[in-house]
Amino acid sequence: MPPHDDEEHRQLLANRLLDSSEEESAYEYSDKVHIIGVDEPDDEDSTKTPPFSWKKLWAFTGPGFLMSIAFLDPGNLEGNLQAGAIAGYSLLWLLFWATAMGLLVQLLAARLGVATSRHLAELCRDEYPKWARLLLWIMTELALIGADIQEVIGSAIAIKILSRGFLPLWSGVVITALDCFVFLFLENYGVRKLEALFAILIAVMAVSFAWMFGETKPNGAELLVGMVVPKLSSNTIKQAVGIVGCVIMPHNVFLHSALVQSRDIDHHKIGRVREALKYYSIESTAALAISFIINLFVTTVFAKSFYGSKIANSIGLENAGQYLQEKYGGGAFPILYIWAIGLLAAGQSSTITGTYAGQFIMGGFLHMRLKKWQRALITRSCAIIPTLIVALAFETSEKSLDVLNEWLNVLQSVQIPFALIPLLCLVSREEIMGVFKIGSAMKVISWLVAALVMLINGYLLMDSLSSAVSGVLITSVIVVFTGAYVAFIVYLISRGITSSNWFVKNKSITSIDN
């Protein structure tokens, strides 16, 4: 790196740190895991990346696993079990590549948070005019509420199964809401305690679904073929769209950019920032590799058990365990309860991360100076009230609950551009990222992935609307909203291009003057 670029970046970081010190940060200094001083010499070159250290990797491990919970939430589990039951092993290759695309997006979110010392919601607040950032906040909150309803309902279904139907859905919703506050209380004892809780919940999921994998004994040869041979038919398009649509959740992009700030690193030294990015890349990749294996277990269990059966199209979260029980019997430990334990761990962990994300999103976009418990209460209330209504309304109708789940997936898919576009625009800009902006090749790959994800989710939206909408008035309203939706996406992209071009032009003029 040329010396003047090094100096420019150090000055950029210094100014950014000075600005961020005047406002509320994602984590208080006392709450952070302090990295400085672990296996480090005092007289190091500030631009040199320190050598690899297992001890340092352990210190950085945590945020990636919290991020990976969104890949294991009840919405993903339902998408995976339906893909297995309807498409068999044929979509395993897509599950792998969808997870890889999700990893790319999450690494960019982590890069943004580490390089700027601010998370995506905070940067959006500064980047866009008031009307645009408020609209972005509303869209993100809607996506978060949609995800939260699925997650809480998933936990409530698990509680209903484990209580043998004694506790109805609505009581499971209340229990899940209260549990969330109890778990978040652990944060007062340090972020590592909260991360340990998530590690335990991921382990519970892994053991539960691995147990089911062992009980059902999926076909190894078909599993391998499904992993390496791309196959897609007209009958499995909907399941394929569901797999891709579930892996990138808007609130998770905002969350990961904030979680990486839980580690205290020396942002004045470029080598330290590079080191943090390296360790976060390793732990995020490991976390999503584990999530992929867990999702693989779920998909193959239902592929082995129900692919080609008459009930394949009717399987959902609520009846999946019962169908497994009827097929494989009780045994020493009934598979119904193994399924429920895994589902409960998925629901509880994802509701906590949803509340966590809501705090960062609200605080970042609105610059609200509230205590953590106050933000948690507001965020939780926004999701629990509609979830209670859903639980009471759909208590006795499994089919209606599955239909609602499909529309919640549509709601979240609609919001994906409002997380991806600001992220990609910001990580591409030198005045934001300094020397850590993404290069041309990565920019092309990232935008291609984003375009693919948005097109796939657009297909899901159009397919859902075409089968559900009728009448001139409703069609006209949808056309108007679609036009406004597309116009806002175009605005976000054009603003990103304009801002980037302005900086390049201004920098060129400054260089000529100097």
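Just so you know, glycine gets a Cβ as well, placed from its N, Cα and C.
According to TrEMBL, the feature transmembrane segment maps to 92-114 (among others).
Residues of the same chain lying 6 or more positions beyond the ends of the transmembrane segment (134-159) and with a Cβ under 8 Å from any Cβ of it are 70, 73-75, 77-78, 121, 124, 128, 167, 169-173, 175-177, 249-251, 254, 317-318, 340-341, 343-344, 346-348, 350-351, 354, 357-358, 361-362, 365-366, 379, 382-384, 386-387, 390-391, 401, 405, 408-409, 411-412, 414-416, 418-419, 422, 488. Under the heading transmembrane segment, TrEMBL lists 134-159 (among others).
What TrEMBL lists as transmembrane segment is 165-184 (among others).
If one looks beyond the transmembrane segment (196-214) by at least 6 residues along the same chain, the residues whose Cβ comes under 8 Å of a Cβ in the stretch are 65-66, 68-69, 72, 183, 186, 290-291, 293-294, 297-298, 300-301, 324, 335, 338-339, 341-342, 345-346, 348-349, 352-353. Feature annotation from TrEMBL assigns transmembrane segment to 196-214 (among others).
Annotated transmembrane segment per TrEMBL: 240-259 (among others), in sequence order.
For 280-303 (among others), the entry in TrEMBL reads transmembrane segment. Among residues of the same chain six or more beyond the transmembrane segment (280-303), those with a C-beta under 8 A of the stretch's C-beta atoms are 57, 60-65, 67-68, 71-72, 76-77, 80-85, 87-89, 91-92, 95-96, 99, 102-103, 106-107, 110, 114, 202, 205-206, 209-210, 212-213, 216, 218, 222-223, 226, 256, 260, 315, 320, 324.
For 336-357 (among others), the entry in TrEMBL reads transmembrane segment.
Annotation comment: TrEMBL describes 377-394 (among others) as transmembrane segment.
Taking Cβ pairs closer than 8 Å, the transmembrane segment (414-432) reaches residues 12, 105, 108-109, 111-112, 116, 120, 123-124, 127-128, 136, 139-140, 142-143, 245, 248, 250-251, 253-254, 257, 438, 443, 446-447, 450, 453-454, 457, 461, 485, 488-489, 492-493, 495-497, 499-500, 503-504, 507 in its own chain, all 6 or more past its ends. TrEMBL lists 414-432 (among others) with the feature transmembrane segment.
Taken from TrEMBL, the feature transmembrane segment covers 444-462 (among others).
The transmembrane segment annotation in TrEMBL covers 468-493 (among others).
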Criterion met for the transmembrane segment (240-259) and the transmembrane segment (377-394) (at least three Cβ pairs under 8 Å): no
Within-chain partners of the transmembrane segment (336-357) [C-beta distance under 8 Å, separation at least 6 from its ends]: 66-67, 69-70, 72-74, 77, 144, 147-148, 151-159, 161-162, 176-177, 179-180, 183-184, 198, 201-202, 204-205, 208-209, 211-212, 215, 251-252, 254-255, 258, 317, 320-322, 324-325, 376, 379-380, 383
